[in-house]
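Trainee: So that we are looking at the same thing, I have put the structure below in structure tokens.
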Amino acid sequence: MLSNSEHRAGGRRTKRPTWPRRTNRRRNPVPLALPSHQHHWLCASAFPFQPASRCLCPCGRVPFLYNHRQGPAFPSLLYQLLVRCHGRRISGATAALPLPSSLFPFASCSALPPSPPMAHPRGGVCPLLSLAVSLALLCGGADAALRELEVGYYARTCPGAEEIVRGVMARALSREPRSVASVMRLQFHDCFVNGCDGSVLMDATPTVPGEKEALSNINSLRSFEVVDQVKEALEEHCPGVVSCADIIVMASRDAVVLTGGPRWDVRLGREDSLTASQEDSDNIMPSPRANASTLIRLFAGYNLTITDLVALSGSHSIAYRAKLDALCPLGGDEEVTGGMDATPIVFDNQYFKDLVHLRGFLNSDQTLFSDNAGTRQVVAKFSEDQDAFFRAFADGMVKMGELQNPRKGEIRRNCRVANGSPSPRHKQVLLVQSLVQDY
């Protein structure tokens, strides 16, 4: 009789390759101190396990698990953060898979940088089949989760979509100039929380608070009705085609162009999320009192540089913000606003000139010039060279727009609710019907 660990191969008795045994003992322990914005990235969709509050992405090294207080994890020498698959950015800095390209039977991963195979921590070389399967799951999961974004994505399915968005934004600017600034800010608040998926537009439900109720958003974000108007116009032209996430990206670009800023091509093809998370927004979005070091770490987690940070902060060039607590206490007059630079409805580099002269409106603005040598140098450059600011801002907006939510989404018919959920107007009708029946 053959034992459970043996099988016949070529007429002789050989040892069956065994999967490394799970153990509760921590080998090469690693603190799971990854930024919270990496929740539910690639490993959440490509693997059948998911840490409770952090996401570790195995990079093709030994598939050896151990138990951690937050769930299954990989020892420190056996994983890296996976940030590119098929050439697409996912998160963090670039990582290379430590396996020769000859091990991959699929062409999609054959371009990964080769290096010697990794030895099993208990001795010997890991089974190649297990490694290949792990990598197939890893890269295959990325293909299934991340959509290909393209310039001109709606050219066939919804011709004129970008022109429709621009027209609605132009009318909004003529009615209320500050509305376009508010719309532009939506991209930052949307993309930094689980990717650009339109989740910031969703209304709260009785059981799930939305991102609008997050501390950084509740008294800050506005002009959602402008996005509603854009969506209604697009639904009349091509129903069920253009996502709310793409509307935010297009409308943000148009807000800049209509106020005198640079124009850039937007890559489209995003899906809308099915839910929103107030908790994630509270954990990720920076406070208006954040210092430069905190902001640099936050942006670095999304593979955005110091130049990107400073340039994107220049969006405050056309921003309005309620005056501080003395002017606009909670429950006060929401119509009282304060310009964040001397030319509040023109997109220019006046914002950086104000920072150089120590006239920043928020601490998170002034800290870019006052508290960090790296950001101070970029602020000084942009204050003197508006063209350099425009180029860097356009590049930063494109990079920020590349952040995606790997979870399966949809094209919402109403940007405020997921498909299949009753709209606010429908809820009112149901309430009236219920009252009539009770009466």
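All positions are counted from 1 along the displayed chain.
Glycine is treated like the rest: Cβ placed from N, Cα and C.
Where the annotation comes from TrEMBL, it is an automatic prediction and has not been curated.
Here the structure is a predicted model, which means the values were calculated and not measured.
From TrEMBL, here are the annotated features:
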ACT_SITE  H189  active site, proton acceptor
BINDING   D190, V193, G195, D197, S199, E211  Ca(2+) 1 binding site
BINDING   P286  substrate binding site
BINDING   H316  heme b binding site
BINDING   D341, T343, D348  Ca(2+) 2 binding site
COMPBIAS  10-28  compositional bias 'Basic residues'
DISULFID  C158-C238  disulfide bond
DISULFID  C191-C196  disulfide bond
DISULFID  C244-C415  disulfide bond
DOMAIN    148-419  domain 'Plant heme peroxidase family profile'
SITE      R185  site 'Transition state stabilizer'
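Structural setting of the listed features?
Mentor: In three-state terms derived from DSSP, H189 (active site, proton acceptor) belongs to a helical segment. Counting only same-chain residues six or more apart in sequence, the Cβ atoms lying under 8 angstroms from the Cβ of H189 (active site, proton acceptor) belong to V200, E211, S216, N217, L221, S281, M285.
Counted within 10 Å of its Cβ, the other Cβ atoms near D190 (Ca(2+) 1 binding site) come to 30, all protein chains included.
Of all the Cβ atoms in the protein chains shown, 15 others lie within 10 Å of the Cβ of P286 (substrate binding site).
In the three-state DSSP classification, H316 (heme b binding site) falls within a helix.
Of all Cβ atoms in the shown protein chains, 19 besides its own fall within 10 Å of the Cβ of D348 (Ca(2+) 2 binding site). According to its DSSP assignment, D348 (Ca(2+) 2 binding site) is coil.
For C158 (disulfide bond), other Cβ atoms within 10 Å of its Cβ number 18. According to its DSSP assignment, C158 (disulfide bond) is coil.
On its own chain, C196 (disulfide bond) has Q187, D190, A245, I248, V249, R270, M400, G401, L403, Q404, N405 as residues at least 6 apart in sequence with a Cβ closer than 8 Å to its own Cβ.
Under DSSP, C244 (disulfide bond) is assigned to a helix (H, G or I) in the three-state scheme.
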Trainee: I need the least crowded one of these disulfide-bonded residues (C191, C238, C415), counting other C-beta atoms within 10 angstroms of each C-beta.
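Mentor: Minimum Cβ neighbour count within 10 Å, taken over the disulfide-bonded residues C191, C238, C415, occurs at C238.
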Trainee: Taking the Cβ of G195 (Ca(2+) 1 binding site) as the centre, count every other Cβ atom within 10 Å, in any protein chain shown.
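Mentor: Excluding its own Cβ, G195 (Ca(2+) 1 binding site) sees 27 Cβ atoms within 10 Å.
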Trainee: Centre the Cβ atoms of D190, V193, G195, D197, S199, E211, go out 8 Å, and tell me which other residues of that chain have a Cβ in range of the Ca(2+) 1 site.
Mentor: H189, C191, F192, N194, C196, G198, V200, A245, S273, A276, S281, N405
Trainee: Which three-state DSSP class does E211 (Ca(2+) 1 binding site) fall into?
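Mentor: Once the DSSP labels are grouped into three classes, E211 (Ca(2+) 1 binding site) ends up as helix.
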Trainee: For G195 (Ca(2+) 1 binding site), what is the secondary structure state per DSSP, taken as helix, strand or coil?
Mentor: coil
Trainee: With every protein chain in view, how many other Cβ atoms are within 10 Å of the Cβ of H316 (heme b binding site)?
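Mentor: By my count, 25.
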